[in-house]
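What follows is a single structure, written as structure tokens, with notes after it.
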Amino acid sequence: MWRRVASVFTLLAPSRSSVLNKVPHNLKFLEVFATEVMTPTEDGVLSKVKTPFITFVLGGPGSGKGTQCLKIVESFGFTHLSAGDLLRKETSTNAKFCDMINDTIKEGGIVPSELTVKLIQGAIDSSENYKFLIDGFPRSEENRSAFEKITGAEPNIVLFFDCPEEEMVRRVLSRNEGRLDDNIDTMKKRLKTFTALSLPVINYYSEKGKLLKINAVGTEDEVFEQVRPVFAKYEKEIR
Ligand code: ADP
Ligand code: C5P
Ligand code: MG
């Protein structure tokens, strides 16, 4: 019988009771896919727990991360957590941070990592799933180190959607979802942020041998045909 570990998130200290603490450290790329571990319950009895399987989904603004995540969800049963969506949702429920988040998004900047990590960890801990796509995170070295420090976890796989700037600009300007940041002025700033702060994280995972680079040019289905085998290869383990 599967048992999920409930957790309470603590902002400043590593939350040792989080389900994320079940992710083994320092695993080589694809060494483990949703492993089972034995964990003591409150009454001291050992029970099986599935460790979370974490995929970071990276790429510039408009590269198609969200679109491909929906396809992975449909085909492989992952839970999709977009950092941008979590931050936008927070603006309607958290008056304290609303202006700061909106201003940062409008300026194409990056929201302080502790807040974003808190939102991601909260979403993971309140999910019954164990397979997660964390989309648009980490967007900076600070994001990356805060996630590792706060959760004690590392991603199992990192997908990178590689897309030329002109194509990203075209897609963002025709997205038409009423977003504060889908305009040419903010887009220029987002591209600068991507080059200065996000590319170093992508290089970091490449050097670690965890990065899977996907050519984001082509129809949505053509791009997904590159993504599918990544997950299909491990379907048995993640089902
Ligand atoms: P991201 O999450 O990386 O910012 P989205 O998935 O929201 O990107 O895609 C940005 C826009 O481009 C959306 O309007 C989406 O419908 C469109 N789009 C996504 N993938 C493709 C593709 N392969 N070709 C053309 N347009 C795409
Ligand atoms: O990924 P998405 O395009 O939805 O992100 C929108 C904005 O949300 C980013 O440009 C950035 O301002 C903010 N964001 C952030 N930190 C993240 C993800 C998104 O500050 N890790
Ligand atoms: Mg998106």
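Here the Cβ of each residue, glycine as well, is placed from N, Cα and C on the backbone.
Marked as ATP binding site by TrEMBL: Gly62, Ser63, Gly64, Lys65, Gly66, Thr67, Arg175, Gly218. According to TrEMBL, the ribonucleoside 5'-phosphate binding site annotation covers Arg88, Gly109, Ile110, Val111, Gly136, Phe137, Pro138, Arg139, Arg179, Arg190. Taken from TrEMBL, the feature CMP binding site covers Asn143.
Gly62 (ATP binding site) sits 16 Å from Ile110 (ribonucleoside 5'-phosphate binding site), taking the CA atoms of both as reference points. Listed in sequence order, the binding-site residues from Arg88, Ile110, Pro138, Asn143, Arg179 having a Cα within 10 Å of the Cα of Gly64 (ATP binding site) amount to none. The shortest Cα-Cα distance between Lys65 (ATP binding site) and any of the binding-site residues Arg88, Gly136, Pro138, Asn143, Arg179 is the one to Gly136.
Candidate binding-site residues: Ser63, Thr67, Asn143. Fewest other C-beta atoms within 10 angstroms, Thr67. When the alpha carbons of Asn143 (CMP binding site) and Arg175 (ATP binding site) are compared, the span between them is 26 angstrom.
Gly64 (ATP binding site) falls outside any helix or strand according to DSSP and counts as coil. Within 10 Å of Gly66 (ATP binding site), counting C-alpha to C-alpha distances, fall the following of the binding-site residues Arg88, Ile110, Gly136, Pro138: Gly136. A distance of 21 Å separates the Cα atom of Arg175 (ATP binding site) from that of Ile110 (ribonucleoside 5'-phosphate binding site). Taking the binding-site residues Gly62, Gly64, Gly66, Gly136, Gly218 in turn, the residue surrounded by the fewest other Cβ atoms inside 10 Å of its Cβ turns out to be Gly218.
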